[in-house]
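Quick notes on the structure that follows.
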Amino acid sequence: MEMGLALFLRVAWIAGTLPILIASVPWSRLHWFHDVVLGFAKRGKTMQPSSSKFTVPQKFFCHFYALAVIWTTFLLVATWLYAYNMAPFVSEPLQLSRFTSYLTGGSHSFWFHRSRSMKREQRYRSWLSVFLLLLMEAQVLRRLYESIYVFKFSPSARMHIFGYLTGLFFYTAAPLSLCSTYVLEVFQLATNLIQELIVKGKDQMQFSESNWWGFVNPLLKLKWHAWLGGAIFLWGWIHQRRCHAILGLARENSDQIDDYVIPYGDWFKYVSSPHYLAEIVMYGGLLVGSGCSDMTMWLLFAFVVANLAFAAAETHRWYLRKFDNYPRERFAIIPFVY
Ligand SMILES: NC(=O)c1ccc[n+]([C@@H]2O[C@H](COP(=O)([O-])OP(=O)(O)OC[C@H]3O[C@@H](n4cnc5c(N)ncnc54)[C@H](OP(=O)(O)O)[C@@H]3O)[C@@H](O)[C@H]2O)c1
């Protein structure tokens, strides 16, 4: 079943990436296809205000992050509990799991025996997922805050309904891709814990103080690639926050809420869409953090790169058309390359 989900996610990322790649082929016979894909991908300044058919306000972006915060938090908590129960570092199985096991008719030491029989690699990967989901949580929380308090969406900015639905799918599937290998077991554990909570009550589910160390300690023992990935992610996270602040302040001195200006500062020095570049850096960080051995993570990364590079190319063309004094040395998204 887990393999079924991983397969579904892989097919979904390929299905999202392929049309963008085909639309990017510079072949005159494919121009019509490029225009179709672009029609779905356009939003905000690159979308004509007149083309409001099948569109929703661009400020609906906050729906993506509201969904992402709820979903990622759930996956994070459930995966963390799952990893804890599988952890080889824990000498005593969690009190909770004994209740779970009792409720499901298993033996008290079900999880303990299971953890012993599990491959070391599998246990390690569950802690790695907790780490990756923590990074994702940091991202979606910041994006929710920014889409409410930092960006000043113009009332006329719209996005295609297809782009909106793609965004909702993306923020469901991306956190899932970080823990797809054993997500079914994670769901099962979460269901059992909720049942316990209802049947046994909160008091019996409390952990002793020493248990909390077991929730953090394995994270500190992750391999170097996790920390390198975390550092890359943080680098992208910081620059995206700065670039979003620049965009948020761009209309500060303008009379009109839907005025567009040439942004300056931070990575805007090099590219027209540094916030997209930062997003790619972050997903690159997740990929490196995962150890680069999971095909689902590679395909997720490929989708993010294709999707944002495609949107950045259109944004770059829009800036060049709109402003005569646009800095010509700027690239679209990859400094000195594209
Ligand atoms: N992971 C993914 O696949 C994915 C996909 C899409 C987006 N994202 C992320 O979501 C974030 C937002 O993306 P987006 O496409 O909505 O960004 P965007 O089109 O650049 O818009 C962001 C905000 O900045 C404003 N803005 C943009 N350029 C401006 C300018 N020149 N002058 C004044 N204001 C300007 C926009 O105003 P308007 O309201 O007038 O448009 C909007 O409020 C990005 O960081 C991106 O990486 C990720």
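Yeah, the Cβs are placed from backbone N, Cα and C, and that goes for glycine too.
According to TrEMBL:
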- 7-27: transmembrane segment (TRANSMEM)
- 64-84: transmembrane segment (TRANSMEM)
- 124-141: transmembrane segment (TRANSMEM)
- 161-184: transmembrane segment (TRANSMEM)
- 210-338: domain '3-oxo-5-alpha-steroid 4-dehydrogenase C-terminal' (DOMAIN)
- 295-313: transmembrane segment (TRANSMEM)
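For the domain '3-oxo-5-alpha-steroid 4-dehydrogenase C-terminal' (210-338), the DSSP counts in helix, strand and coil order read 85 helix, 2 strand, 42 coil.
Taking Cβ pairs closer than 8 Å, the transmembrane segment (161-184) reaches residues 1-2, 5-6, 9, 12-13, 16, 40-43, 54-56, 60-61, 63-65, 67-68, 71-72, 75, 79, 82, 122, 125-126, 129, 132-133, 136, 140, 286, 290, 294, 296-297, 300 in its own chain, all 6 or more past its ends. The transmembrane segment (295-313) shares more Cβ pairs under 8 Å with 7-27 than with any other stretch in the list 7-27, 64-84, 124-141. Under 8 Å from some Cβ of the transmembrane segment (7-27) lie the Cβ atoms of residues 33-34, 36-38, 41, 166, 169, 173, 176-177, 180, 295-296, 299-300, 302-303, 306-307, 309-310, 313, all in the same chain and six or more residues away from its ends.
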